[in-house]
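Remarks on the structure that follows.
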Amino acid sequence: MAADPQSSVLLAFALLCLPWPQEVGAFPAMPLSSLFANAVLRAQHLHQLAADTYKEFERAYIPEGQRYSIQNAQAAFCFSETIPAPTGKDEAQQRSDVELLRFSLLLIQSWLGPVQFLSRVFTNSLVFGTSDRVYEKLKDLEEGIQALMRELEDGSPRAGQILKPTYDKFDTSLRSDDALLKNYGLLSCFKKDLHKAETYLRVMKCRRFVESSCAF
């Protein structure tokens, strides 16, 4: 029997509201499957928010005839391209869960500083105005990834740290073409990085808990 769509929405909302366990072994312990489900839902939500924000900025500030050439020029300016992270689902499947979690954490942490200025860019945005707590959402996902790492690493020594990429803050003036292009490029990278983090988490969840939603 097919699941009731309303029940599915309510379940997803309930999972998004669940807090992360603060310590391994905390009582009551959250099952690993629930930790992954929570992380995937949060990553999907953030990726969709980033995509919607990017599209809105594009519609508001970037002439349609210039978008393609600007997008091509942006491709080389994401700091995440300088780390040896998988670029898609197939490459991600060749990495261990711990590696994918570390890359996901790296991507999320690289945006914690810049997004604190994002709400100033979108003070009148209908899309962003409904989700003006991006920093808190990123911190929440960071905590979820760290909870998964504690579970999977089981106290084993961590590998050498990869240099954390950093992004400039968003320009809140929007008074020059340079400021517009800078923000457009940052939003493009934000969208790409969250898509990567979502992909890594979904790959891990699917190969640990085989389910019908693994085709993506």
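Glycine is no exception: its Cβ is also placed from the backbone N, Cα and C atoms.
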Look at the disulfide annotations in Swiss-Prot and name the partner of CYS189 from this list: CYS17, CYS78.
CYS78
Of CYS17, CYS214, which cysteine does Swiss-Prot list as the disulfide partner of CYS206?
CYS214
Looking only at C-alpha atoms, tell me how far GLU198 (Zn(2+) binding site) is from CYS78 (disulfide bond), rounded to the nearest Å.
17
Around the Cβ of CYS214 (disulfide bond), the count of other Cβ atoms that are within 10 Å:
12
Within the same chain, the residues at least 6 apart in sequence whose Cβ is under 8 angstroms from that of CYS78 (disulfide bond) are SER188, CYS189, LYS192, ASP193
In the structure shown, with every protein chain counted, which of the disulfide-bonded residues CYS189, CYS206 has the densest set of Cβ atoms within 10 angstroms of its Cβ?
CYS189
